[in-house]
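Written out below as structure tokens is the structure these notes cover.
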Amino acid sequence: MDFTTKLKYGLNPAAKASSSKNKKKPKLVNLFANDESSDEENDDNRNGTMSEAERAKKRHNEEIKRQQEAAQAKGDAEAKEIYEKALKEDPNVFAYDDALTDIKKGREATLREKDGEKIERKSRYIAQLKEAADFRKREQDVTYERRLMKEREKEDELYGDKEKFITSAYRKKLEEDEKWKKEELEREQREKEREVQGKSDMTSFYANLMNRNVATGGDTATHSRKAPEPKLVHSPAVVAQNEKKEEEKAKAIETIDQKTKVSRGDENKLPANTIERTTGDDKRLVEEKSKDNVQKEAAVREQVAAQKQVDREEKAKSARERYLARKRKDLDS
């Protein structure tokens, strides 16, 4: 079997380099590089590095560039002419945002005209539902605050002597809650007064007719009844002071009556200036007595308030002592 091979044995001469490596690659020409100067072109022509095809291609590119620039200049001139002509006809022709706003307003106006009844129609019960929701929310807040107050009272035995701080917003909320509770109490009282059930006579009917009837000059807003003021329970010392005050009033009235009787019996005998001086002294005495009574009442109120504060402090102190005693007892056990 015969085998053929290209291998040669012995000393072999080196192969010659291919002539393709010695050939220079053609220079790359940028079709859009039209900003080369004529000096470089002349240099290339003098050096003979550019071929005839490359020079023709370059001339062609420059011609295309000149045509494009001419077309662009012509288009810009036409666009400017159209722009100026449009502005002369309508200065706001290019105000696209304003035009869009006007279009939207026109659409909304047409919708309102078509569905005006639906837009203007109001719910019949939404106001009542809102009032009921606000009332329930107020009640929940008051209940929550009452529960917090009870929890604080339980902790006062431990932390009663500590300082307490609240924010202005929370204080304002508490004031609004108190005001709301007073308004609710007044409203409930008015409703109870207006109830017809359980009334045995027509007194309330005639009172309502005279005070609340608009035809007779009354007004429900200005002639509303107020709840009766609660009676104060005074201590024995306060009661004694009140009795003493009443006795002084009675004595002053008796002296005035006696003086008036004397003046009536002897008014023909006494001169006019004496009678006037006597009546003036009596009036002055009554005024002084009334001022003294007002001052005494203020002093009594202050004494009652101080006594209440003392009683409150004593109760807190006794509760604290009882709690500490229970705690010591639990620890000992």
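Including glycine, each Cβ sits where the backbone N, Cα and C put it.
Bear in mind that the values here come from a model prediction, so they are computed numbers and not experimental data.
For 1-79, 177-333, the entry in TrEMBL reads region 'Disordered'. The annotation compositional bias 'Basic and acidic residues' is assigned in TrEMBL to 52-68, 177-198, 242-269, 278-300, 309-333. Annotation comment: TrEMBL describes 81-198 as domain 'Nuclear speckle splicing regulatory protein 1 N-terminal'. For 200-214, the entry in TrEMBL reads compositional bias 'Polar residues'.
Mean pLDDT across the domain 'Nuclear speckle splicing regulatory protein 1 N-terminal' (81-198) comes to 81 in this model. Across the domain 'Nuclear speckle splicing regulatory protein 1 N-terminal' (81-198), DSSP classifies residues as 94 helix, 0 strand, 24 coil. Residue counts for the compositional bias 'Basic and acidic residues' (309-333) under DSSP, split into helix (H, G, I), strand (E, B) and coil, are 24 helix, 0 strand, 1 coil.
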